[in-house]
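Engineer: Encoded as structure tokens, here's the structure I'll be asking about.
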Amino acid sequence: MVKGTWTHRTVLLNEAITALQVNPDGHYIDATFGRGGHSRLLLSQLSALGRVTAFDKDLDAIAEAQSIDDPRFSIRHQGFMHLDQMPQASVAGVLMDLGVSSPQIDNPERGFSFRNEGPLDMRMDTTRGQSVAEWLQDASIEAMTEVIRDYGEERFAGLVARAIDRRRQEHGPLQTTAELADVVASAVKTREPGKDPATRTFQALRIFINAELEELQQALQASLKVLQPGGRLVVISFHSLEDRIVKQFIAAHSREVYDRRAPFAAPKVMQLKALGRTKASEEEVAGNPRSRSAVMRVAERTGEAA
């Protein structure tokens, strides 16, 4: 029986499940369970033979998954980089809904939001790894500049890094989201319309501390192994860095590749067929502003070996 009390509004929910072209008897991977919107809808379309295997690093997501009392469903407390543990060519579809979820943002104790004061944590998996506060305590100005510039696309990254260093020297390590937001606001003097000056820095630190882009690249590569011919890859991203990786990955595996050292050899056959992209409708954006930046890209696995 599929039930639950979640209030998180899953972005592009119906569009993503439609893009998977669900086979009722198929095995599907929900690579980022979150609060289970995609898994629940998938289960409603599967037969008794179908299965959903979910992945998530967040203990709150693992707890939410316990509300799904269904033998066809299982969840692993792992990041989706571990997709390659699944048997080769065993799944009919892989769905990745990237980034941070609304419940994570809205819970001050998780430290993801500059709008709600809380401990400066930002770890998806709070059982392991450094928090943002711990990393900022010892990070060099150069390292902070690189992270904020590369992962936040913040043109004032150097100013922000020096402001953080000055704050550390004068008042000790940063401990809360409010303290970091204030430091960033003091360094970033220009304002982007409708965007808090701390937005890019918070994004950068979250992506870095969770190794989000590296994990995405590994998961995409693993999807080639686990998808069966005709299986679908559906990825929903929320910022340009993620979307660029997904776009380039699909493009790289959707064309024939010739070996310049062997010009007369047959080309390497493409492993994916690109099926385009979709954005949230105006109606969805009006009801859920966080869906505005969402981009869904879809590809189909060919029969070529990974």
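Easy rule for this one: first residue shown is 1, then count along the chain.
Each residue, glycine too, has its Cβ placed from N, Cα and C.
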Engineer: Check Swiss-Prot: it lists Gly36, Gly37, His38, Asp56, Asp97, Gln104 as binding S-adenosyl-L-methionine. Then name which of Phe80, Phe114 it lists for that same site.
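Structural biologist: When Swiss-Prot describes the S-adenosyl-L-methionine site, the candidate it includes is Phe80.
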Engineer: Give the range, chosen from 172-198, 280-306, that Swiss-Prot lists as region 'Disordered'.
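Structural biologist: Within the set 172-198, 280-306, Swiss-Prot attaches region 'Disordered' to 280-306.
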Engineer: Quick one: largest C-alpha distance among Gly36, Gly37, His38, Asp56, Phe80, Asp97, Gln104, binding S-adenosyl-L-methionine per the record, in angstrom?
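Structural biologist: It comes out at 18 Å between the most distant Cα atoms.
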Engineer: Which sequence positions outside the region 'Disordered' (280-306), separated from its termini by at least 6 residues, show Cβ-Cβ distances below 8 Å to it?
Structural biologist: 9, 11-12, 15-16, 19, 88, 102, 224-225, 227-239, 243, 246-247, 250, 253-254, 268-274
Engineer: Quiz question: given the binding-site residues Gly36, Gly37, which has the greatest number of C-beta atoms lying within 10 angstroms of its own C-beta?
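Structural biologist: Answer returned by the neighbour count: Gly36.
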Engineer: Would you count the other CB atoms within 10 A of the CB of His38 (S-adenosyl-L-methionine binding site), including those on all shown protein chains?
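Structural biologist: I get 28 for this one.
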